[in-house]
Ligand code: CUA
């Protein structure tokens, strides 16, 4: 019986140990796309240094308390020894129970206030201003000075402060890119501000951090940090209409001699798209599609994901999304379509041409 109990205890111990090791490994942050433990932004680095300090301080306090506890346990075993000197217990309590904790709490509070000061920048003189609107369940991203509209991707120049002016169209959302900065809520009817200052080029995953409905967990996005000149190139490319590169006019226009340069499949797909219900919700700059309910599709093919991170942006995923978005992401605002066969293939060709 006791052998079985000991074995069970060993098994539970091993399980708890394994779980702890796994959790700690999961938290370590090395090479993980959404870990605040591998900061790459000015604000995230400041939060990380605060957390390191708390971890160190907490570990020291824990070790000291455990040391005293162990000492008390061992002491009790020989408590019958009457000749032992009794003594300065009240001094230990006053110092260890009041003075030291007061100093530690003051230190922690002071550093917390400094973190709030250091990370609460409003980016008044930021070179780039980005407007972000939270929708159930995707992100609208605008560069007002350049007339650029995109979705679920925020592109920024490395080493510069970027000011995000944020609002929401329906319910409260919260923008969080753990490797770059803290969280700030997006509220309907008002504008909140946060700054991003990426230190390294790369792609950083972000996530809505305020529960906002069925697909809150799939309200993801990426921040892509470019070298400044590369960022300028991206911004310029995004500010042009994606359609019909070099053709100088609407494809299919008999008056436009270059229009024939377009792939006939793309021209066909354009017709399918423009005559479908897609155009009531989506816009493609320079065309008759001017919907505003869903993401702007002007440079759709340049984006990394579909449905705010739910699928990679490839042809197969796009077909799944167009035919039955509710099966992929239940509760999102996009209805399915009955486009199929040759029309669907042509529409995919068209959408994939929007780079
Ligand atoms: Cu938007 Cu959670």
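A Cβ is built for glycine as well, from the same backbone N, Cα and C atoms used for every other residue.
Pulled from TrEMBL, these are the features on record:
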DOMAIN    125-237  domain 'Cytochrome oxidase subunit II copper A binding'
DOMAIN    264-355  domain 'Cytochrome c'
REGION    239-264  region 'Disordered'
TRANSMEM  49-70  transmembrane segment
TRANSMEM  91-110  transmembrane segment
Legend entry - the domain 'Cytochrome c' (264-355) - residue tally per DSSP class, helix then strand then coil: 43 helix, 6 strand, 43 coil
Inset, instruction - Using DSSP, tally how many residues of the domain 'Cytochrome oxidase subunit II copper A binding' (125-237) sit in helix, strand and coil. - result: 13 helix, 58 strand, 42 coil
